[in-house]
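Summarising the annotation, TrEMBL assigns domain 'Methyltransferase' to 49-141. Annotation source TrEMBL lists S-adenosyl-L-methionine binding site at 53, 74, 98.
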């Protein structure tokens, strides 16, 4: 479910917003074009949105600015506290939950979004949530994901070698520890559940996925 990574994010919470601004050299390339990614996700989202892994509220803020109704779900209490302290997010309720375990939302949902989150699920969990999310969405609803992913195992290995060569050892450990997906696998998981997906590269690490459910 990805909750095994909560201690990492609890420790990272106070520095996370500085990291996404490029202040951490090891992760600078990972977060290149971060504002544009969030804006892209928010612009593509419908009016009623579940955001999984809302973190410090950066994507939440972009959604709120565009007058979306947002149900923000985040498992890390430390991350929620940072988000709740932001004045523009004072009216948002940040919900304790993760991509699999979260309170029932009795409200029509047309979009599910996440940024830098989906890789916390292993491959079995990824397939399980994609199937479940189809049932949560209104007909023709969509899932929008921004995350690190790779074209092939060889592509992932080349990025890992580059990180090690640059002595970016925290990044290298991250790439080896977490469940970064392959793009062909993600496309297959969505197609198996009746989604048509499109992929757009944001930087050397991150891709934007927009998967729309086919109308029945």
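Any Cβ shown, glycine's included, is placed from N, Cα and C.
Help me picture where these features are in the structure shown.
In this view, residue 74 (S-adenosyl-L-methionine binding site) is surrounded by 28 other Cβ atoms within 10 Å of its Cβ, with every protein chain counted.
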Give, as a single whole number between 0 and 100, the mean pLDDT over the domain 'Methyltransferase' (49-141).
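Taking every residue of the domain 'Methyltransferase' (49-141) together, the mean pLDDT is 96.
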Just checking a number: largest C-alpha distance across 53, 74, 98 for the S-adenosyl-L-methionine site, rounded to a whole Å.
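This binding site's residues have a maximal Cα-Cα distance of 7 Å.
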Please work out the helix, strand and coil residue numbers for the domain 'Methyltransferase' (49-141) from the DSSP assignment.
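Across the domain 'Methyltransferase' (49-141), the residues distribute as 36 helix, 23 strand, 34 coil.
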